[in-house]
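Notes follow the structure.
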Amino acid sequence: MGEEVQEVIIQINDQPFPTILDLHTLYKSSTLIRGATYKYTKPSQNLQLPNLLESPIGEIIVSIEGRGDNAEPDNPQDAWLPITASRNGSAYYAAFHSLNSGIGFQALMLPVAFSVLGWTWGIISLSMAFVWQYYTKWLLIQLHESVPGTRFNRYLHLSMAAFGARTGKLLGLFPIMYLSGGACVMLILNGGAITAVLYCILLWAIPLSKSRLIGISYDSVKPKLDIAGGFDTFAALGIIAFAFRGHNLVLEIQATLPSSENYPSHVPMMRAVNFAYLVIALCVLPLAVAGYWAYGDKIPANGMLTALHTLHEHDTSKFLLGLTSLLVVIHSLTAFQIYAMPAFDNLEFVYTSKKMKPCSRWIRAGFRIFFGCLTFFIAVAIPFIRNLTGVIGGIALPVTLAYPCFMWIAIKKPERFSALWCFNLVLGSLGVILSIFVFAGGIKSLVEPGIDVRFFKP
């Protein structure tokens, strides 16, 4: 208690002020003295800078006491960014965010995919997609703290660590930004996690309560063996793959959880994901099966919500129809906040890297208003962008199906040609191949009917 605290004067590089990287490197240094006070001085001077200690980045006073020997020293910049500003999350909130980001309006298109694939291949494809994406999400959760002393808080950072800075950024930046910004645009075009569950239940319960439509067929929609039928099959597989989402957000959600040597963050995160995927399965599978049973080949191209309003307008109460649409809008608004977070985080990262200080409340609000206005403008100005989702989605699909497998191999480095090495290599390769097929199916779906290009006519 009465020990005198040792004071160490340091000098970093030949810069008038230390950079974020300098502070991070110092903070992670193994030469730090427990209980010492570190202060920065200008080059060629032995004078302390008292005003530096008052600035947000200048506080290089490092308290080593109270931290476990294996505890991770956080990047000082992480405390300024919205994703990593707090590590006080819980499995409950992680489950809520995982469910909200993992289920959405894409699931309303599943009966359309079944109308192409039929009963057998539709159920098989949906089940395989569910297990495949659950496995790749498990890989990402395990890779979050795969390097001792490091937490990969963002998908892009993990990609750069696995594939190298340049290749990782090239492979991951566009798909991740599309999955974030593109999802926000689509949410605006379509308008809590609880509302998603409720409207999924309503959308399959209402058709089941009614008699099946007269003249529907299941046999006539089996996949054809010609080229056109093959492209239709690829597009249907893309619909099923897009029904499960949230891989670009799983690391960001996990970054909000506390972690220690005795209780790493992947433990509560897996509990949250297990609960979320159980609920997602209970929503998605009945929606696909009941929707295809009720409408067969007469399912509208826009999915279940359109079918409900066009085919059950006269035999369903307006209250239920309005409630279902309202729940979709509410879920779109709440999911927008989650999918926009990587974009907010990236904007603030650029600002804090240049200004070397956290964003003020007004600047943070300005970034959010700017992004909201930008996505709204795109949704209103280019409403036909929804027709490009199959094409662009094919480019972004490896983020979900392929990259996690390859990143596991690159970071974990399992024994070459071992069972685990071969399994992840084959699964990742299949993910790339499927992405190419989905991309081709998206091209065909654009070329055949054409695009109705109308600006500012949503």
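Here the Cβ of each residue, glycine as well, is placed from N, Cα and C on the backbone.
Note that this is a predicted model, so its numbers are computed, not measured.
TrEMBL lists 88-197, 200-442 with the feature domain 'Amino acid transporter transmembrane'. Under the heading transmembrane segment, TrEMBL lists 108-135, 185-207, 227-244, 275-295, 319-344, 365-385, 391-411, 418-440.
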> Which one, 227-244, 319-344, 391-411, 418-440, has the most C-beta pairs under 8 Å toward the transmembrane segment (275-295)?
Replying inline: 227-244
>> Which residues of the chain, 6 or more past the ends of the transmembrane segment (391-411), have a CB below 8 A from one of its CBs?
In response: 132-133, 136-137, 139-140, 142-143, 146-147, 155, 158-159, 161-163, 171-172, 174-176, 178-179, 182, 238, 241-242, 244-245, 247-248, 421, 424-425, 427-432, 434-443, 446
>> Based on DSSP, tally up the residues of the domain 'Amino acid transporter transmembrane' (88-197) by helix, strand and coil.
In response: 91 helix, 0 strand, 19 coil
>> Six or more residues beyond either end and a Cβ under 8 Å away: which residues meet both conditions relative to the transmembrane segment (418-440)?
In response: 132, 135, 139, 231, 234-235, 237-238, 241, 390-391, 393-395, 397-398, 400-406, 408-409
